[in-house]
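Right, one structure below, let's go through it.
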Amino acid sequence: YVAFTTIPGLTGVIITLALILMVTSSTKFIRRNYFEVFWYTHHLFLIYFAGLLIHGIAGLVRGQTEESMKEVPPHHCADYLTDKDKDCSHNCCKDPEFGSIPAESWKWVLAPVILYIFERILRVWRARQKVVVTKVVMHPARVLELQMQKKGFRMEVGQYIFVNCPTISLLEWHPFTLTSAPEEDFFSIHIRLAGDWTERLIDTFQQQMLEMPRIEVDGPFGTASEDVFQYEVAMLVGAGIGVTPFASILKSIWYKFQQADQTLKTKKIYFYWLCRDTGAFAWFNDVLASLEQKMQESGKADFLTYRLFLTGWDTCIANNVALRFDTAMDTLTGLRHKTIFGRPMWNNEFAAVAAAHPRSVVGVFLCGPGALAKSLQK
């Protein structure tokens, strides 16, 4: 009766249901396979906070009144009240009076709500600023590259942005790591096919329409990858499309070499890229090849050591590589360093880096799955 006929009861049921829906739709399976369900269900937080604000209005929770507190103070009268005799004549034997406790949840919710509203207004304002798509590139393995320009846009290496395409969905915003360098006059992202939204976006740009679909951008936002230049030695580990923040870092290094930047603290970079199929290597090859050549010309060939690992292959690929094993360039990538079949032995890799740089603090940066993160952390 109380749960469904009173304001506290009804709001309690509503905010509990909203919380259950939000938590269950946040599971990895739902997020990965039914992102729209997660996205729209998560906006029930508006109902949750509204219910929380009015939950205590009816005063269902009652407390001793101020007058009663003076007449029957609990810390003096507790023993009398718990074991009260029928003939008790002490002042403490008087029954306490209770009244509704005023709602106070708004005090705790007000500050976060004001901050959230301010942040939403800021994001809407930033998102409405015009974004010009200057170039569209379709790479192998269905990876779409978008090069864009936006007035006043400033970035650092390894940062990410939120992207919205109103043609596909007005409300959905998806995060993508920036693959361009801060030194370039544009910013770029690489989008891999990984769900309904990305599939529709790639199809939209592939249809060669006369007018480009409108893109809205919010950001950039910071990540741990920004700290890479604080270390003398850095190990960068990317898995699949997780190479994107390191594309930005390596491009930025290329520009720093071109400009003979003396402030670059980093002396050595170890770059590991793990991919399941050969097509994934294709779109990043030109960056590595260009960087490789530039460092060779500037006498810093030992600055970057990169190792490419192919974790999925068939007999045909293995035989082809075996036949061309003696060639100077790698058969799969066309780079000087040969592609390694299988996964890295991280114990050996860490031991080798530690032995090569006994006096340096080595920064390890990963963009990839949780299982790989646990291996590196261990």
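Every residue gets a Cβ built from N, Cα and C, even glycine.
Annotations in TrEMBL come from automatic prediction, not curation.
Quick look at what TrEMBL lists:
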- 117-227: domain 'FAD-binding FR-type' (DOMAIN)
- 6-25: transmembrane segment (TRANSMEM)
- 37-61: transmembrane segment (TRANSMEM)
What same-chain residues lie close to the transmembrane segment (37-61): Cβ under 8 Å, and 6 or more beyond its ends?
-> 2, 6-9, 11-12, 14-15, 18-19, 21-22, 25-26, 30-31, 100-106, 109, 113, 171-172
Using DSSP, what's the helix, strand and coil tally for the domain 'FAD-binding FR-type' (117-227)?
-> 26 helix, 39 strand, 46 coil
Contact set, same chain, for the transmembrane segment (6-25): CB under 8 Å, 6 or more residues outside the stretch = 31, 37-38, 41-42, 44-45, 47-48, 51-52, 54-58, 60-61
